[in-house]
Every structure is written in C-alpha cells, then in structure tokens.
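See below for the structure under consideration.
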C-alpha cells in the first residue's frame, strides 16, 4: 500500500489550467486554476498512478483556445506484470484535439509568432457589450455549423467535465441538421493594454450553449379540416425557421471570472435573444445545479418586475371561507385564487416554462405579505381564511396555492400514503418551499448585478432538503445524442 501511495497523485492537484497571451520574451499567463472534477477522465478516485512529483500543465491561448499539454514528473513507474503507469496522453486524447500534444516549445513559438492573433475576432455575431469593474466585455453567438464556432468549442469543452458535475461534451461530428439546432454564446474580455504586436485583444471568459427542440403548435383555424391541402415543394428547412423550445444546456464562467456579474450578463443576453425570436415558443433549462437555479431565479424575477408583469398579478383573499377545506385534494380552485387566463397569457408572452413561472409568481406574491406575518409561519393561521389580519389571510391563501401545485405534481405518490402522512408531507414541503423563497429574497437584497451567492450554511441546509417540489420542465421530451444530460454551472 505504501508503494501504491508513493506512485499515486491527486489528479485535481496535479492539473494546472492556464490561459496565456503573447508578450515580450515569453507568453504571459493571464489566469490559472485547478479543476473541480477529473473523475470523468481519470476515474472516480480522481488519481493518476505511476508518477512521482507529477505536474500537468494544460495551457490555452486566451483568444482562440489553441491548446497544449505539458507533462512533468521526477520518476515514472516501471511496468510490473499488468501494473503500469497511467497513459496520460492516451487517456486525454478522447477529450482534447490532437494538436494539444505538441512540444511546449512549439506551443510557445506559435503563441509568440501568430500574427493573426492581433486581428482575431470571436466567431459568430456580436450580441452586446458591457463593462464590469472598469473592464470591457463582449458577448458573441453563432451556430455550431460554423467551423470557427465548432473549433473553439472543441478546444474549450473539456472545461465542462472539469467544472460541471455530470457535464457532457457535445458531439461535434453530428449531422448538420443537428448541429444547426445548437447555438453557442461566448463571453470575451476586450483588452486594451496589449504587451506586444502579436497579442490578441480578446480573452475568453466563459460560454453557454442552447438547443432547439422543434415543437408542435396547434392551429386555431375555424376552417374545415377536410379542406384540400398541397404539400409545399421540397426545399431546405432551417431549424431556426421552425417553432421550437430553446433549452439552455451548458453554462460556464471560468473560475478566474467568478462573482463579476458575467453569468448574469450572459443569461440575460441569451434570454433577450430567445424573446426576440419569432419561432422560439418557450425557454427551458437542462438539469440546472443550485448555483444556476439561483442565477436564473434572480434574473427572471427582475425581468418580470421590470417589464410590469408582476404588477398585473394579485392573490385573491376575499373568498368564501366555506371553500377553504382542510383536506388535501379538496381545495379552493386555483381559479378562485388567481386569474389563470391572465397568468397563462403573461407566461406565454415571457416564454417562461410553466413550473418556473409558477415559482416566480409564488415568490412575488410572498413579497406582498408583511415579513412578520410570513415569518411567524403557521402559528398565526389558527383562524385561517377567517383571520382578521389581511396579511394572515393572504399568507393562508398563499400556502394553499403552493400546496395545490405541490399536490398536483406529486399526486400519484401522495395518494399511496396514509392521510396523516400525506398531510404532513405536503405541509413539510410547503414549509421548505417558503424557506427557500425567503433565502432567495435575502439574496436579492444583497445582489447588485453580480452573481447571487448563498452562505455555506444555506447551501448545506438546502442540500439536506427532501422536497417533493422537484419537476422536469420538459417531461414530454427526452434529449438524445449529443444533447443528453448536459448540466449547467452559473458561476
């Protein structure tokens, strides 16, 4: 065992990722950091066997992500029977382009002598520019059918496996029809202080991808369905011309740029693009993690607040108390609590998925209840719908609204429980939903355009919850091929 430990190295610590640019004398490092995960590449234990004092330097040109891997070590284990050192290059070949393995001297020479770097522009079209902390940034986007977009993604997407747990690289050799359904959004810093004539003014900050799901839009024509219909003549069809759902898939801001507001700018730019598209019907997210959930909630909430959507929504509390039954499943109709046709109109206009929109409405309505009343919890709800305090009455009906959504989503599971257990489970879940909304509201008070962040204790508490409020935005769809099981990271 001692010999095994002597020759075993923590892959996360051994791997150093850096971004460089041309500078007088030798390339200058703009940023460097270690990966959060290496288990997709080096196994669940994230260890590399067969080397002493192992160091892996994975370098990228900051503008076009031209890559290089340098492997350094003092000693290498000599093969004994079936036991041999990890083939580092062979292991990484599946994850990086072939030109990653050239000699480091050739890489440095390329960086220093690449005269095209000074005229480099990110691939695709410029979406928007913004300033953060006195520095200038740009967001570009393009289709994956564009060879220059595909080349950047091929070089950069190993970062998805390094920083997004469960993240999956895209299959870049797919058919053009599939590639055309992918759109890539890049965030670049536009540098002004350039150290040499061959230095590019651009440095990568992060990127995101979205995928188009073609969706059926039923017609509302009053004409007879038996009328004559002639198929249009054969012609190439662009996925962008078809009604679709846009699904945000991978979302990554590099560690050196965290907490500077880049995730917020990138997400808002993507949503702005989706809203402007006449063929995008709805915006969804593929399996987001907690950090992205918070970012999305804050951005969507602010958008609905700023565009006047929330101002049109109110919770009705002047309801006949006889309708407020205690039994789970025998409830005040949702139509009695909210103007459901109006909500659906607003949801469609803002292209927000049903569950996300319901949560945002619940969050907004909670803010209309005095903090003292809602923080007192159920202790003040003894009179329920008959409470004389309008805030107590509103909080009672607000909880009833959340209960309805939770129960409806989980009815098949809940009906299998005893009545008492069923009531307790729903009450527990509603309490946890309310607690998470309060956490979001506290975060909004601190959030001033940067990335939202929770305290470590809040994240631990959230991770412990067993809430039945989970939902898949696209239960009727399964991603296949290169689109399957891609996760998101917001920060």
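Residue numbers in this text run from 1 along the chain shown.
Even glycines carry a Cβ here, placed using N, Cα and C.
What TrEMBL lists as domain 'Histone acetyl transferase HAT1 N-terminal' is 7-165.
In the shown protein chains, 12 other C-beta atoms lie within 10 A of the C-beta of residue 177 (site 'Interaction with histone H4 N-terminus'). Taken from TrEMBL, the feature site 'Interaction with histone H4 N-terminus' covers 177.
Residues or ranges marked as acetyl-CoA binding site by TrEMBL: 251, 252, 253, 289.
Marked as active site, proton donor/acceptor by TrEMBL: 286.
According to TrEMBL, the region 'Disordered' annotation covers 444-491.
Sequence annotations record features per position, and here TrEMBL assigns compositional bias 'Acidic residues' to 469-479.
Averaged across the domain 'Histone acetyl transferase HAT1 N-terminal' (7-165), pLDDT in this predicted model comes to 96. For the pair formed by residue 286 (active site, proton donor/acceptor) and residue 251 (acetyl-CoA binding site), distance between Cα atoms is given as 10 Å, rounded to the nearest Å.
Nearest to residue 177 (site 'Interaction with histone H4 N-terminus') in space, judged by Cα atoms and limited to the binding-site residues 251, 252, 253, 289, is 251. All protein chains considered, the CB of residue 251 (acetyl-CoA binding site) has 32 other CB atoms within 10 Å. Of all the recorded positions listed here (252, 253, 286), the one with the fewest other CB atoms within 10 A of its own CB is 286.
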